[in-house]
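I have placed the structure first, in the form of structure tokens, so that the comments after it can refer back to it.
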């Protein structure tokens, strides 16, 4: 008997009718990710709602919601993060405990080359290679024994001097000065090329499943964005990132309106090029943003994140940092892994100093998530010094945290 595509379709129709996918199954097959949507809310946006208002109930749902948030953050403030380009090659040299990774990336006929020094621990690398910390601009936190450190010259990838830095740097030599990517987005692109190269450089003896990223102040903002956008980062450690980092735009505006001298969106876009020019259109009406930075931080989940803030510096927006990370924490809670998200906020030290009293909190995250040791990482604390401004969670968080199902 002849068998045609038509007869196959006719035979299959009843089966297809019975196997109609559920709403959540359909979303997993097709996830709508616009870069701009209608929105207006003075409260922090609910991370457990899709763009269309339907609920996020499962890990499968979160995969889609994460894609939506990434697209929105790029569309409104970060600019477009390009994918891996067709050309990525590298060379590696090592002498003693000092190595050097040189990466060439771009398109045929238009490539850039940059180098990053790596400091290795003494001794023989463990099975799988050394864990690695990628430090934006240099290390400002203590690193435990047994972890290599790569110093990433992110400012060469995209300058961050002032407004004149727009479109200047190695990234823009590839994608053009008019690329929408902010400097921080360009930094993520460069970091990803480093990881690409390490993945195919066995001589470096780096365990690319155990990579952390860190930075302080402006570089702390960049470290958080790297952890959010680059899923190969195993541990994210922003330090005193302040406005544009682990604080929320809405909460920083509230602090400013309450009389605190903090850096909010209207000022930060005049200082530097950490955000895309499109963000200028929203800084005077933050309520139009369909996200806030609790959701930037939540892009890291389910991977671990611990951030550090300093209440001695009012302009870092201490209430905003605590409130924003309190809101972000609900995503790890929904996943049943709150111990993968930490926050520490104290004072009595200079900006970007790391007091030794904080070492146990930091080393706990290193031990558990990079070194494979047992450690208690249920760490979420503040000294509560918010310059007289009061944090009231119900004023900003109007959602009930779900418990995610698998599907």
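Glycine is no exception: its Cβ is also placed from the backbone N, Cα and C atoms.
Motif 'GXSYXG catalytic site motif' is the annotation Swiss-Prot gives to one range among 209-214, 215-220, 221-226, 227-232, and that range is 215-220. According to Swiss-Prot, the residue from 256, 263 that belongs to the substrate site alongside 221, 271, 315 is 263. Residue 271 (substrate binding site) sits 14 Å from residue 217 (active site, nucleophile), taking the Cα positions as reference. Under a cutoff of 8 A between CB atoms, and with a sequence separation of 6+ in the same chain, the neighbours of residue 348 (N-linked glycosylation site) are 312, 355.
Its Cβ placed at the centre, residue 398 (N-linked glycosylation site) has 12 other Cβ atoms within 10 Å. In the three-state DSSP scheme, residue 178 (N-linked glycosylation site) falls into the coil class.
Listed in chain order, the extra residues whose Cβ falls within 8 Å of the Cβ center of the substrate site residues 221, 263, 271, 315 are 218, 242, 243, 244, 267, 268. A mean pLDDT of 99 is what the model gives for the motif 'GXSYXG catalytic site motif' (215-220). The DSSP secondary structure for residue 398 (N-linked glycosylation site) is coil.
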